[in-house]
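What TrEMBL records for 8-123 is domain 'Tetrahydrofolate dehydrogenase/cyclohydrolase catalytic'. Summarising the annotation, TrEMBL assigns domain 'Tetrahydrofolate dehydrogenase/cyclohydrolase NAD(P)-binding' to 142-287. Feature annotation from TrEMBL assigns NADP(+) binding site to Gly168, Arg169, Ser170, Ile234.
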Amino acid sequence: MTSVGKLIDGKAFAAGLRVEVAQGVATFVASQGRKPGLAVVLVGEDAASAVYVRNKGKMTVAAGMESFEFRRPATISEDELLELIEELNGDDRVDGILVQLPLPKHIDEQAVIAKIDPAKDVDGFHVVNSGRLAVGLPALVPCTPLGCLMLLKDELGDLSGLEAVVVGRSNIVGKPMAALLLGESCTVTIAHSRTRDLASVVHRADIVVAAVGRPEMIKGDWIKPGATVIDVGINRVPGDEEGSTRIVGDVATAEAIPHVRAITPVPGGVGPMTIAVLLRNTLVAACARAGIAAPVGL
Ligand SMILES: NC(=O)C1=CN([C@@H]2O[C@H](COP(=O)(O)OP(=O)(O)OC[C@H]3O[C@@H](n4cnc5c(N)ncnc54)[C@H](OP(=O)(O)O)[C@@H]3O)[C@@H](O)[C@H]2O)C=CC1
Ligand SMILES: Nc1nc(=O)c2c([nH]1)NC[C@@H]1CN(c3ccc(C(=O)N[C@@H](CCC(=O)O)C(=O)O)cc3)C=[N+]21
């Protein structure tokens, strides 16, 4: 029997998650008399960040939350940025703080992340949150990996015992993704630029998470028949029309489809999940700060 894999509709899943978040926000507002608030800090102009930020403010407001945006020039000093974060840490209307990465070269990203109150760290990048994730304590978990895990559990149910290969070891995607999969009792391999024979490493996997940042690098015939593939990559490449661009993932999707059980498309896969989970994390942070339970299921 030959079968063709299906596309995982991250856009639809994310829309459902945003509805659940909006319901939780309404309950929060009724008991607390204020809206959860998300502050986003944008330094300079970065193409990838621009893609991300486009819909976010709108969706924050659509979910019933307060959105605060802080745009600063690329010339801002590290001290000035740290001062802004200090202010947001002390602002009771702000439950979540997201500093858009990457930052300009003259600013130490780790110092900026370390300044964020861990209770407001809705990106889950602070060492307190990554440490808590690593040892299995409740934590604010990075949005993209948590969104990927939600899609995987929805598709596969129990993940225990499955072989998972995460390609990429960044602090924002690869490492937390691996920690989450380990938490689900997968057998986890983290591959990176020094990995030898990546094709055969990927071929072992029941679950492939690609977070590399190289357009269509992972080929269809690397995928074990029936594997589930999560494509995190957001790569802008030249489009068909002169001067146009389009977005592709890290996996050669069309080639992979005949091999997979299921695969996330780009766009319309992981990207929309990242934003929905950011709203979820903001509600979770707001509930924790208010000393109330977060809605069950979120
Ligand atoms: N959809 C979404 O919501 C999001 C999408 N992204 C996208 O995901 C992708 C990855 O992002 P991010 O983790 O921040 O990227 P980074 O550049 O921080 O990390 C890339 C990783 O890929 C590894 N790598 C690079 N080249 C190869 C190779 N030839 N073979 C194997 N591994 C390789 C690197 O290895 P090494 O460590 O050895 O250098 C590194 O660990 C990007 O396309 C980004 O735009 C990111 C965040 C959110
Ligand atoms: N502090 C911080 N946190 C982040 O989570 C963070 C960041 N900095 N810097 C940049 C990356 C990138 N990222 C994306 C999120 C959503 C889409 C997204 O919504 N993509 C849609 C639309 C793509 C389009 O068509 O433009 C999709 O894939 O369907 C993309 C990229 C978050 N990041």
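Cβ atoms are placed via backbone N, Cα and C, with glycine included.
Shown on the structure are the features that TrEMBL records.
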residue : record               : contacts (Cβ under 8 Å, 6+ apart)
Gly168  : NADP(+) binding site : Gly174, Ile190, Ala191, His192, Val209, Ala210, Ala211, Val212, Gly213, Val232
Arg169  : NADP(+) binding site : Lys175, Ala178, Ile190, His192
Ser170  : NADP(+) binding site : Ala211
Can you list which of these binding-site residues (Gly168, Arg169, Ser170, Ile234) have a Cβ closer than 6 Å to ligand 2?
-> Ile234
DSSP puts the residues of the domain 'Tetrahydrofolate dehydrogenase/cyclohydrolase catalytic' (8-123) at 61 helix, 18 strand, 37 coil
Write out how many residues of the domain 'Tetrahydrofolate dehydrogenase/cyclohydrolase NAD(P)-binding' (142-287) are helix, how many strand and how many coil, based on DSSP.
-> 55 helix, 30 strand, 61 coil
Diameter of the NADP(+) binding set by C-alpha atoms, the set being Gly168, Arg169, Ser170, Ile234, in angstrom | 16
What average pLDDT is reported by the model for the domain 'Tetrahydrofolate dehydrogenase/cyclohydrolase NAD(P)-binding' (142-287)?
-> 98
